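This report refers to the structure that appears directly beneath it.
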Amino acid sequence: MYLLIVFLPLLGSSVAGFFGRFLGSEGTAIMTTTCVSFSSILSLIAFYEVAPGASACYLRIAPWISSEMFDASWGSVFDSPTVVMLIVVTSISSLVHLYSISYMSEDPHSPRFMCYLSIPTFFMPMLVTGDNSLQLFLGWEGVGLASYLLIHFWFTRLQADKAATKAMPVNRVGDFGLAPGISGRFTIFQTVDFSTIFARASAPRNSWIFCNMRLNAITLICILLFIGAVGKSAQIGSHTRSPDAMEGPTPVSASIHAATMVTAGVFMIARCSPLFEYPPTALIVITSAGAMTSFLAATTGILQNDLKRVIAYSTCSQLGYMIFACGISNYSVSVFHLMNHAFFKALLFLSAGSVIHAMSDEQDMRKMGGLASSFPLTYAMMLMGSLSLIGFPFPTGFYSKDVILELAYTKYTISGNFAFWLGSLSVLFTSYYSFRLLFLTFLVPTNSFGRDRLRCHDAPIPMAIPSILLALGSLFVISRRRPAASLPLSNFWANSPFVLPKNEILAESEFAAPTITKLIPILFSTSGASLAYNVNPVADQFQRAFQTSTFCNRLYCFFNKRWFFDQVLNDFLVRSFLRFGYSVSFEALDKGAIEILGPYGISYTFRRLAERISQLQSGSVYHYAFAMLLGSTPFVTFSRMWDSLSSWVDSRSSFILIVSSFLNNKSSQE
């Protein structure tokens, strides 16, 4: 049963890929959706068997690589974090598959789309169930490949080509950290098996001084692993690919940004918590990077006009919360927020897809407005998702986001306070752009084309059912009590996300944090909503005020152009690498030294030599006679001089020397 959870999506994807032209659009949709749905049901059964009693299940499937001390086998581990991730991945993927049946019904290539959509649902369970680093890395690369295929689905669109091409090298940047991190773990622990590595993590290791900081091997490995998480989970620096991924179909955005690829980095850090707990420097780096990502993405989203890009930046911001929750050693709360975020973020994307689908693929919010009467169900669904996103009391987002901020405050460190205040300000901006999205899309006077208004309609039944189920998940996915009193302090997680006793502060955040500290996120969320309510109904006057003021105009451009991150990266990094790749790697090496010293140089030398020799072939008989005379002269001269030279040369000894040397060479070769 446990293995079917992983391999059923692969079966559906393979059947859709190989037999899609025979099954047709409906057949492939039914096949892939059925396989993923059965996988979701089996995940619920596995959750029931594993999680309540914290009884992990270990499966050793088959040997894979065995070479002296190196041993890597196909194996799976099903513990509490794994089954939680399996429920998130398979349930949301099944709902996205069901939604895609209607959303992609008019696309002629829908069998190929359904084949691609099942690929991350196979690789992500492989990643989360792997019991060694190599199996995790295989799933890691698989979800990256799946994201490229899905973003590049509409390959005739130039922007989709650019977005997919950009996603691959950004993922490679993360792999540049993860692969050396895995190699470093094998170098130190002589194994890639998680249980062995975690059991030996507390042993002291060698250290050295770097930039006036003492770093040990575990610190370096954890920072390398975190670089891998930065590339996969869209943290600061690699977050620029996340909004570009919106060029794919909307179900792709829901699958990638809610359940599969972007959550891989967070889960990898939570899985490797026994390593991350010992180097405090690595935890400080993780906390700071996560806090800066949440703030950067939240401030970027406030002035974006593309409906899906606003939600994409909210994904980056929420991933920042999850990362810095891991940085303050609360991995279970991070996975808890990941689970809640998956439901309301998938709800927001699918609701946005319903609007875009009905508005003739229009994504600019400035060309919408007044759609609440035409989309009452979609408006209600997006309102529920937005309330959960901003941490409004009682939806699921409130129970996880507020706990993360309280934990950051009660950490009582510089990095903890830094994360708390940046995270609290991010709540303000998140609330503002969430309600700005609602106002511009549904409530302000209409600004859409008449033909779109006449043809627009609310989501059909196959698209409405997944949205309703996700809305229920966004409201009631977990116990309505505070999580400090339910999940994280119970025996649910057992010891899977390992936390050192000195870093355990969950009880203190619940009972010792000041009341005003607990109220700050709620105050900021209501303030952001009020600001959006007062500004967006008079958006034209507000924008004119920005345009007339020089400072405000520059501030507007700064946030609207995404902090100029893309321009800075293109000017200082991308162009330098492209220039190096063309001038040095291509011209000087590939087309230069390698070809001159390699096949091109050898062929050119022999060709020129043949041309020189061919010039001797003149076709004149006397030239040939002269050549024969020159060739025979040394031979005749040597034969005539042999009588005088034979007294100095013993022919028998020469023969013996030649034969013995031949036999020695033959014996040495054998």
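The backbone N, Cα and C atoms fix where each Cβ goes, glycine too.
Feature annotation (TrEMBL): of 45-63, 83-101, the stretch labelled transmembrane segment is 83-101. For the domain 'NADH-Ubiquinone oxidoreductase (complex I) chain 5 N-terminal' (64-114), the model gives a mean pLDDT of 85. Touching of the transmembrane segment (282-304) and the transmembrane segment (621-642) is ruled out by the presence of fewer than three CB pairs under 8 A, sequence neighbours closer than 6 excluded. Across the domain 'NADH-Ubiquinone oxidoreductase (complex I) chain 5 N-terminal' (64-114), the DSSP tally of helix, strand and coil residues reads 29 helix, 13 strand, 9 coil. With pairs at least 6 apart in sequence, the transmembrane segment (215-234) and the transmembrane segment (83-101) have fewer than 3 Cβ pairs within the 8 Å limit; the two do not touch.
Outside the transmembrane segment (418-439) by six or more residues, the chain places 287-288, 290-292, 294-295, 297-299, 301-302, 304, 307, 310-311, 313-314, 317, 320-321, 324, 327-328, 365, 379, 382-383, 386, 389-391, 401, 404-405, 408-409, 411, 520-521, 524-529, 531-533, 535-537 with a CB less than 8 A from a CB of the stretch. Nonlocal intrachain contacts for the transmembrane segment (379-398), taken as residues 6+ away from its ends with a CB within less than 8 angstroms of a stretch CB, comprise 314, 318, 337, 340-341, 343-345, 347-348, 350-352, 371-372, 427, 430-431, 434-435, 437-438, 441-442, 467-468, 470-471, 473-478, 480, 521-522, 525, 528-529. Nonlocal intrachain contacts for the transmembrane segment (215-234), taken as residues 6+ away from its ends with a CB within less than 8 angstroms of a stretch CB, comprise 140, 143-144, 170-181, 184-185, 188, 201, 204-209, 241-242, 261-266, 268-269, 272, 275-276, 278-279, 281-282, 285-286, 289, 293, 315-316, 319, 322-323.
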